[in-house]
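> I grabbed these lines from TrEMBL:
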type     : residues  : note
TRANSMEM : B:28-48   : transmembrane segment
DOMAIN   : B:82-266  : domain 'ABC transmembrane type-1'
TRANSMEM : B:93-112  : transmembrane segment
TRANSMEM : B:124-144 : transmembrane segment
TRANSMEM : B:150-171 : transmembrane segment
TRANSMEM : B:215-235 : transmembrane segment
TRANSMEM : B:247-269 : transmembrane segment
Amino acid sequence: MNTIPSSSSGARLEFSNIRKSFGDTVSIEADGLIIEPGSLTILLGRSGCGKTTLLNLAAGLDFPDQGSVSYDNQVLQGPAPSTALIFQTHNLFPWMTAEENVAFPLRNQGMARVEALEHARQYLKQVELESFAGHKPSQLSGGMRQRITLARTIATKPRLLLLDEPFSALDMQTRRMMQRYLLRVWSDSAATILMITHDLHEALMLADRIVLMASSPNGHIAEILDIELDRPRNPESQAFRAIQQQLDRFLEHETLLAEHAPILESTDQTNNL
Amino acid sequence: MKSHTPGKSGHQFTLTGRISQLIFKSNFLWFCLAWLLIILSWELGSWLEWLNPQILPPPSETIPYAFSGNITIGFGQQRTGLFESTAITLGRVGTGMLIGLLVSSCLAIMVTELPILRRLILPIVQSLAPIAPVAWIPFTIVVIGIGGPAAVFIVFMAVLGTMTLSLIAALDGIPDEYLKIAHNLGTSRIRMWWYVRLPAIIPGTMTAIRMSFFGAWMAVLAGEMAGLNSGLGYMIIMAQQMYNMKLVMVGILAIGFIGFAIDRLLLLINARLLQWVQ
């Protein structure tokens, strides 16, 4: 693998007594959540439990109504520095070629176009896509697009990497491959990673901490699990399966609660009458 | 060894496949066929004396007349020709649309950058957009006069509302992820407009231009017919007043074909510019 220097260390995040609402709905309440430097933390939970809100707060793209988010012990007042974002879709600008996409943040930093494109081709080489440098995203598969996104992420040398279900639109095989790429980027860069996924298997393959989130009554952190499985992880191992079952039970319970919530609410209202 | 091409994929390589492809997939062929049918019906109507050739001259007279060289009408200063009139009208539409695009772009940028202006500008634009372009003609003739600037103003008013609303809608419709990522990648405000917002709204802008063109094309012709003293619309009115019905028909056909050709040209530019659209 090409050796382009990466960030020296990951960032530390701390969520203190935060509360964020949208209208009358409280999206998330969390206190004392610390994301250690260089860790790979997964946010796991049903839709509507405030995972994306938490990620946006970590990115400094949104701000809590109450409490604070600290980045290396500094309260975030704007977009978090040295942070890269990866979404499920729309990560690459479709009007730019692969190399232009990767060169974009370098150009933002003031690098000359020729030099930035040269660097971009090196980063593309790291994800084995240098021969597709001149292709537009629409000419590439979903997996290739996400690899280019990773190449651009490496180019920005982030200390914090925030991923919102980045592989959920990919097929199983490509998803596994992307997980390996992500782990490689993580081990090379030592960046802190905070990632959302709905996939239990993915969470267990990647995380060294899983933050289980619940949506009732408001979005909140239900439990934090430290995953102390050896790497590379073996999904066939007993320990892996035991944690998987535990997480499965949690999500099933959450689903049942969410399905019965409207019935419980209407019963409450009837009792109040 | 002779290769065998089974199934549908091989169909197009056979002679019948090529012919059926030519017949069913060529838009140009269908365009020609549709017009051939109209011309034949028109000619037949004249030949059977269902149509009065004095009012509606048959294609056998109109088409050769259209290609007879520099067709002119009128006397002295009022004298005008088909090519000259077409060039004047096209120039007016082009200028009016260009000014309309520039002004509506500025308004859309202002509305996006300053939320307070959205509350101020949007109601005005929303009130202007539904006004039919022809409604501006009497006002324009009184205020600006009957020359070229008046026609350009009518085109401008015809496109301003719809184009501004389309551009604002296109800017509002940019996926949030693009802006978040660009922001996150340290993009400055100017680079954000130039490299992210502007390319992202090209599809919406091109659609807006195409839709506005029809409005502008009809508005300027209506204006020229209603009182402006030059252009294709004016030439048709003059031909009608001098009872040159062949020229009236040639003028009408020119309006249709030029409108169609420009729309095709815009589609072609659209396809070239938007090769990246998934």
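Using the three backbone atoms N, Cα and C, a Cβ is placed for every residue, glycine included.
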> Among B:28-48, B:124-144, B:150-171, point out the range having the most Cβ pairs under 8 angstroms from the transmembrane segment (B:93-112).
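Checked against B:28-48, B:124-144, B:150-171; highest Cβ contact count belongs to B:150-171.
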> Where else in the chain does the transmembrane segment (B:124-144) make close Cβ contacts, counting only residues six or more beyond its ends and a cut-off under 8 Å?
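Residues 107, 150, 153-155, 157-158, 160-162, 164-165, 168, 215-216, 218-219, 222-223, 226-228.
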> Taking a Cβ cut-off under 8 Å, which residues six or more beyond the ends of the transmembrane segment (B:150-171) line up next to it in the same chain?
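Contacts with the transmembrane segment (B:150-171): 89, 92-93, 95-97, 99-101, 103-105, 107-108, 111-112, 122, 125-126, 128-131, 133, 136-137, 140-141, 144, 197, 200-201, 203-205, 207-209, 211-212, 215-216, 219-220, 223-224, 228, 231.
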